[in-house]
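Copied over from TrEMBL, here are the features:
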| type | residues | note |
| --- | --- | --- |
| DOMAIN | 12-529 | domain 'Neutral/alkaline non-lysosomal ceramidase N-terminal' |
| BINDING | HIS105, HIS214, GLU461, TYR500 | Zn(2+) binding site |
| ACT_SITE | SER267 | active site, nucleophile |
| DOMAIN | 531-643 | domain 'Neutral/alkaline non-lysosomal ceramidase C-terminal' |
Amino acid sequence: PDVEPEPVPGEYLIGVGRYDVTGPVAQVNMMGYANPSQTAAGLHQRLYSRAFIVCNNGNSSCVVFVTVDSGMASQVVKLEVIKRLKEKYGQTRYTERNVVISGTHSHSGPAGFFQTMLVEVTSLGAIKQSTDSFIDGIVKSIDQAHSQMRRGSMHIGTDNVVEGNINRSPSAYLKNPLEERERYQYNTEQEMTMLKFKANNGDPIGMFTWYPVHCTSMNFSNQLLSSDNKGRASALFERMMRKSGEDRSGNESFVGAFASANLGDVSPRTKGPICVDSGKSCDFEKSTCGIPPRVKNCVGFGPGVDMFDSTDIIAKRQLETAKILYFNKTKEQLVGEVSWVHQYVDMTNQSVQLDDGTNTTTCKPGMGYSFAAGTTDGAGAFNFVQSMTEGTPLWNAVRDDIIVKVVCSVPPPKEYYDCHHPKPVLLPTGYMDRPYAWHPTIVDVQMLRLGQLIIIAVPGEFTTMAGRRIKESVQNEAKAHGIHNAKVVLAGLSNVYTHYITTPEEYTAQRYEGASTIYGPHTFQAYQQKYTSLVESLVTGKHGGFAPGPSPADILNEQIELLPPPQPDSVPSGKSIGDVIDDVNGIFPQGAEISVTFYGANPRHNMKVCDLGATYLAVQQLTNDTQWTDVFVDTDWETRFLW
């Protein structure tokens with residue numbers, strides 16, 4: 001019989017995979033801006049799940065990392081993904097403990113794939129087609145990675161992205177201690193970290209990067225599904241790495257992923273906000289314009305002339321850094337164990353030790369007034385503004401006399417509101433339980449280890465400084481337990497979505513991010529202390545030194561879906577599906593926009609168009625007298641499909 005070779009330091013079993021998760025491209029609300037008028041009406045870029053699997057050389061310890069072109073990860077999606085993986089691969093190989101699912105935070109994907117109500121209000125509840133597309137595509141991307149595993153090595157490197165982001169809440173950032181801020185040149189992180197995979201024979205396998213920037217280059221007027229700047233960067237890198245014979249977007253064997261990081265207060269709109277009604281600067285603390293002050297006219301712009309141009313520019317700025325890293329700066333080889341640590345944590349009553357030695361706790365979740373103000377990437381409504389530290393009689397009455405009476409089984413006590421101080425709670429989601437929970441209570445706390453690299457998978461959007469602090473805490477703890485050259489990256493929006501996590505100082509500003517820090521002013525310290533406490537188990541590989549925690553409920557089959565089904569397709573009398581209305585006959589100069597209009601069926605009627613390699617359209621070129629060849633399909637940047 002074959003004998004398993006002796007483990008070689010720095011050699012691992014590595015597999016990568018990619019699969020389509022696009023979902024319904026018409027008539028569904030889009031996830032991210034929570035704008036009920038942003039309804040999908042076509043496709044610009046397909047959405048993908050990109051996965052890597054790494055196992056130690058003996059194949060006895062494996063970890064899986066998935067980054068998905070979605071608004072965020074969802075607990076109900078992860079639970080179903082794990083259920084299917086266990087059915088295929090047994091109960092212990094791929095579980096909730098060693099699989100991380102992270103969202104890129106595109107604000108232009110389909111909504112309706114969550115286990116809590118708040119993020120499903122504008123989508124009219126759950127959308128089964130969205131949920132199924134994400135689950136199926138994630139599982140198939142992991143299947144691909146599993147089936148293509150081979151021996152190889154991993155290398156890491158870092159470099160700065162030039163003008164790839166700005167801080168959209170600088171007034172909150174300034175609340176952090178001066179001596180801490182002086183340690184850093186910028187009020188956002190500029191650094192991109194790359195993990196490169198290479199086979200033992202030298203073949204390129206893939207690469208994953210982590211860099212903080214919101215995928216809000218496409219604004220809330222957009223109605224075409226889009227993977228935004230990170231998806232665009234991935235497509236460009238993968239196209240660059242195509243092998244001979246790989247001539248269709250999405251079919252490349254090389255997987256190049258641009259994952260999210262601590263992007264909580266980080267915008268891609270690098271020209272910054274301006275008052276669109278006057279051309280003047282917005283109010284620094286409240287992001288308002290005019291009298292009376294309103295947020296709707298304070299809008300972030302850039303760097304391009306429109307949202308498509310801006311998406312392309314921010315993508316290419318990430319791409320240029322990634323190319324430098326991949327070909328020149330991923331010099332450090334990963335050597336060491338492959339391990340993981342995971343615990344379910346009830347975040348509604350976590351004990352927190354403060355700097356003065358006293359103890360306090362987190363709160364049941366709640367959203368502050370400034371949550372309703374939105375951001376300079378996407379403003380809110382009514383008279384809400386950022387930095388609100390006091391409620392108003394009108395909205396308190398709406399909360400108490402309508403919201404609480406309709407969706408709360410038990411009214412919140414005064415202690416609940418006091419717990420969130422100085423946040424004035426607008427939505428007491430910790431008590432909003434009809435028809436089911438409006439916010440998660442049980443969250444995943446999880447880390448992966450690949451040699452000296454530690455990936456902190458966090459269940460939300462950490463701000464710049466919150467991310468810096470937790471990475472430093474984990475790195476110091478890892479060094480104390482023997483990983484003296486520890487490197488740490490933060491993977492945002494992982495496993496379950498709990499909105500934002502600011503530092504305690506930023507929380508006092510009650511900008512949008514602070515108002516959306518749902519477990520109260522000590523949310524960050526609770527996470528910092530919990531992750532740090534698990535580093536020893538991560539380093540030693542001893543997963544039984546702590547309780548696994550209370551498992552979250554799986555409500556996949558209990559969700560409410562109010563979105564009407566698609567109506568039967570119909571065309572005018574004498575016409576048929578597929579008949580062309582406006583054709584493309586003619587000769588066009590290079591760079592011209594060419595359009596064809598035809599009678600088409602509702603895309604929601606055939607979700608098989610979400611299979612890898614499928615397309616709603618193709619642009620073909622006559623390569624000889626009889627042979628037509630696809631040169632563009634619907635996931636290519638050059639095409640747009642409108643329904």
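Positions of Cβ are set from backbone N, Cα and C atoms, glycine also.
Small disclaimer: the values here were computed from a predicted structure and weren't measured.
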State the mean pLDDT for the domain 'Neutral/alkaline non-lysosomal ceramidase N-terminal' (12-529).
97
Would you mind ranking the binding-site residues HIS105, HIS214 by how many other Cβ atoms sit within 10 Å of each Cβ and giving me the lowest?
HIS105
Write down the Cα-Cα distance for the residue listed as 'active site, nucleophile' and TYR500 (Zn(2+) binding site), rounded and given in Å.
14
Could you measure between HIS105 (Zn(2+) binding site) and SER267 (active site, nucleophile) for me? Cα positions, answer in whole angstrom.
12
List of residues, in chain order, with Cβ under 8 A from that of the residue listed as 'active site, nucleophile' and at least 6 apart:
ASN165, ILE166, ASN167, ARG168, VAL213, HIS214, THR216, GLY300, THR375, THR376, ASP377
Neighbourhood of GLU461 (Zn(2+) binding site) by C-beta distance under 8 A, where only residues 6 or more apart in the same chain count:
HIS105, ASN262, LEU263, GLY264, GLY492, LEU493, HIS499, TYR500, ILE501, GLU513
Tell me the residue counts in helix, strand and coil for the domain 'Neutral/alkaline non-lysosomal ceramidase C-terminal' (531-643), as DSSP assigns them.
19 helix, 19 strand, 75 coil
Would you list the other residues of this chain near Zn(2+) - those whose C-beta lies within 8 angstroms of the C-beta centroid of HIS105, HIS214, GLU461, TYR500 - in sequence order?
SER260, LEU263, GLY264, VAL266, GLY460, GLY492, LEU493
